[in-house]
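**Student:** Here's a structure for you.
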Amino acid sequence: MIHTLETTVAGRKMKVDFGKTGMLSNAAIFMSYGDTVVMINANASKEPREGIDFFPLSVDYEERLYSVGKIPGGFIKREGKPSDKSILHARSIDRPLRPLFPNGYRNDVQIVNTVLSVEQDNLPEILAINGSSLALCLSSIPFTTPVAAVSVGLVDGEFIINPTVAQRENTILDLTVCATKERIMMVEAGGQEIDEETMYNAILFGFEECKNIVAFQEEAVAKLGKTKDEQVLYKADEEVEKEVKRFAFDMIKEAMYIMDKDERNAQLDKVKEKISEEFSQKYEDKGADIKEVIYKTQKEIVRNMLLNEDRRPDGRAFDEVRPIGCEVGILPRTHGTGLFTRGLTQVMTVATLGALGDVQILDGIAEEESKRYMHHYNFPSYSVGEVRPLRGPGRREIGHGALAERALEPLIPSQEEFPYTIRLVSEVLSSNGSTSQASVCGSTLALLDAGVPIKRPAAGIAMGLITSDDLEREKVITDIQGIEDFFGDMDFKVAGTEKGITSIQFDTKIKGLSNSCVKDALEGAKKARLHILGKIKECIPEPRKELSKYAPRTEIICIDPEKIRDVIGAGGKVINKIIADTNVKIEIKEDGKIFVTSNNEPEGVKKAISIIEGLTKEVVQGEIYLGKVTKTTNFGAFVEILPGKEGLVHISKLDFARVEKVEDVVSVGDEILVKVTDIDNQGRINLSRKDAIAKKEEEKDK
């Protein structure tokens, strides 16, 4: 039986059909918002997965190009692996939901969001977060706290819920807020240097609308929700926990109080060896339980240290940033490099400039077709001193790369100001917390070193949180390192300039953040950001005046758009010849702007521009031109006076004396002065060598 429920969000209808599709799924809903439709299916394994120490939740976000009436590009005409955007949207769905599952739940859970129809005014990723929450709540899977999501824009000083395409074009803020009815679960934002107060108010504005959507979900669950399955939650054996803590608590505590990370880890390894020696025979089949007890003990000690002793593992104050190091220009042949170090976290970012034709072509459901600025993030195993195979980028690498990219996007100059494609690659050399925000800092250094005229330098910082079990007490921590991230409750990343915020991403391991915590984190991040920006400016205060000698050079010329066809030629014949003859790259825009780029061959750029100017220049009647003879006939000579533009010098116009044979006066390849005497109604050009000579003689006499 099909059940339909409706509500209104931002003046548009949100509709849910339950029982319409996916009859064999634990829960399946067909959800629409305007003409955007997403199908969400939620399922869980019947038994917990053995031998793991994490919750195996997987979220998939599947874009179908038929949803926007497109056929996939390329040779294979079907969707392949998920796009980067699909991966980012899947991560955005995962983050607010994961903390709300019961601790110790080890059953595999999969949520599949399939985008079936897209109206660009209504973002499918926002609908998918709401639908994933509702599907879980309606299912028998032990998930009981609804989560809602909205997008918030800022146009002309007014906040807008779920802005349309036209509004998104004018917004200076792109914010996603996810929340339960009581607390904020997740925030993602990109902005054009938004001040902290405005950002905080925008988050609260979105939070209020989330409460209405949560109420709608609660109504749906009350009517249609299944009875929840009996939970089988993993918990370490009580006897094992008691015995291991009795034996090792003091040793673990002593190790955890060592400030140096390497020394601390070395001491912990020794403690683990002692625990193994003590209990390997007594609890030979309880290895997972022993491992869990060690983890819980470490977590208890670190959290108590932070919350009750006002002490951080490395001895810093709660608002103190680790020592900062900045260096530029360390790679001699690249276009720009930045090496950023914060404590034991170190990132090297390399900037590469290319022609506008080097943009990344996108084949997705969004209207955006290409990307001129991109940032890629690599996290090799050696950055944490581990050994593992090096594969392609995973979801984490893609997510961190996009986060750092978003932080700098509002600061990148337009293609008119800086006619280059820009690629940044951040190599994580050492990781001890917040490498994504170190990538923002490294990217700023690399851009400045490359001579990219960014509006202002940007920096990023990660804020952390420790709360009491009842959530009544909380402490915000500046510049969290790995141990504080691992055992803490929040990773609140903020990037921006001295003027304001350009990106935010935060998620939490607890059941949401209070409003005051969000405000404190924003204020603490600003203080830390300004400190880091000061260090960056000490290293390189402004973009270099000159590009690297190894970087390409681009020149811009403007022509009449009606003349574009003359530059391209039939089947691209003309432009391809220019490219082949001058060894340049040429990008033509519809408005008549032409970008000519060459790698270390400035003469090629000049030659190409000269040819293009000739192709688009109008032949003026009465003007004298220096042309080249291209062909002779018995009635005259054809002369090219501009690239691709020929005229005829009749035999009677070649000389003052009578000419019997054209070749007696000119030959193919000769350069001669000619005057344009006439252009007929078919565009044919008549020339005269005789009149050109006469005019030059007349000018000499004057």
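Backbone N, Cα and C define each Cβ position, glycine as well.
Residues or ranges marked as Mg(2+) binding site in Swiss-Prot (evidence: sequence analysis): Asp485, Asp491. Under the heading domain 'KH', Swiss-Prot lists 552-612. Feature annotation from Swiss-Prot assigns domain 'S1 motif' to 622-690.
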**Student:** Just name the most isolated of the binding-site residues Asp485, Asp491, going by other Cβ atoms within 10 Å of its Cβ.
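**Tutor:** Checked Asp485, Asp491; of these binding-site residues, fewest Cβ neighbours within 10 Å: Asp485.
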**Student:** So how many of the residues in the domain 'S1 motif' (622-690) end up helix, strand or coil by DSSP?
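**Tutor:** Reading the DSSP string over the domain 'S1 motif' (622-690) gives 8 helix, 36 strand, 25 coil.
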**Student:** Tell me the coarse DSSP state (helix, strand, coil) of Asp491 (Mg(2+) binding site).
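**Tutor:** Assignment for Asp491 (Mg(2+) binding site) reads strand.
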**Student:** Mean pLDDT across the domain 'S1 motif' (622-690), rounded to an integer, is what?
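**Tutor:** Its mean pLDDT is 91.
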